[in-house]
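Enquirer: I have a structure here, written as structure tokens, and I will follow up with some questions on it.
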Amino acid sequence: MIGMLTGRVAALGADELVLDVSGVGYLVGAGARTLSRLEPDQDIVLHIETHVREDAFKLYGFLDDIDRAWFVHLQNIQGVGAKAAFAILDTVPVSEIANAAALGDKSTFARAKGVGPKLATRIATELKDKAPPTGRSFSIGLPVHSDDGTTGGAPVAPAGGDSLAREDAVSALVNLGYNESQARQAVAKILRDADSEAPLGDVIRLSLKELAA
């Protein structure tokens, strides 16, 4: 299986790109949000999700591994394929997806193109009590991709920092005796309304206040 590709953008399409890796062109499917951050001849690192079927071998690429993790997580739900998963990720930031999942907020998922009311309800219902994905942690420094398409050389932190902080807060509340589902909903409400950079201690304190209300 292929987990990561490093190369140069040789061509961009409506829903895919060709990545030149040492002279070999890999055709990689990608969402609109990822493609909008790329330019021809740009050197990039793509986190890859590989789908293998009897009649197809498909690569899907992401600039951030937490997006790849959510792409996989969403497709565990009946009726959600690659197209619907990309539509959700293109419409809703992963931090907002995590909040919507914890709160069972179907309206967030219904914003995605091609996701109707029934599917949005199923997604919200099935994700509500599931732990969100955190992505893979890499021991090497990867380029930092900014939204304007530029690439820096600084190492990045392990993927899914927001998800890891969320899990730490939920774990702390569970250790204090709260039900995991209640803890997830409380943390989601705080992260939705508060500064996403709020210290973990503040998130736990505000979540406790929410649970006591």
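Glycine is treated like the rest: Cβ placed from N, Cα and C.
OK, Swiss-Prot features for this one:
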REGION    1-63  region 'Domain I'
REGION    64-142  region 'Domain II'
REGION    143-160  region 'Flexible linker'
REGION    161-213  region 'Domain III'
Enquirer: Just give the helix, strand and coil counts over the region 'Domain I' (1-63), going by DSSP.
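Expert: Across the region 'Domain I' (1-63), DSSP assigns the residues as follows: 5 helix, 39 strand, 19 coil.
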Enquirer: Using DSSP, what is the helix/strand/coil residue split across the region 'Domain II' (64-142)?
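Expert: Counts, helix then strand then coil: 46 helix, 0 strand, 33 coil.
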Enquirer: With DSSP helix as H/G/I and strand as E/B, how many residues of the region 'Domain III' (161-213) fall in helix, strand and coil?
Expert: 42 helix, 0 strand, 11 coil
Enquirer: Can you work out the mean pLDDT of the predicted model over the region 'Flexible linker' (143-160)?
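Expert: PLDDT averaged over the stretch: 46.
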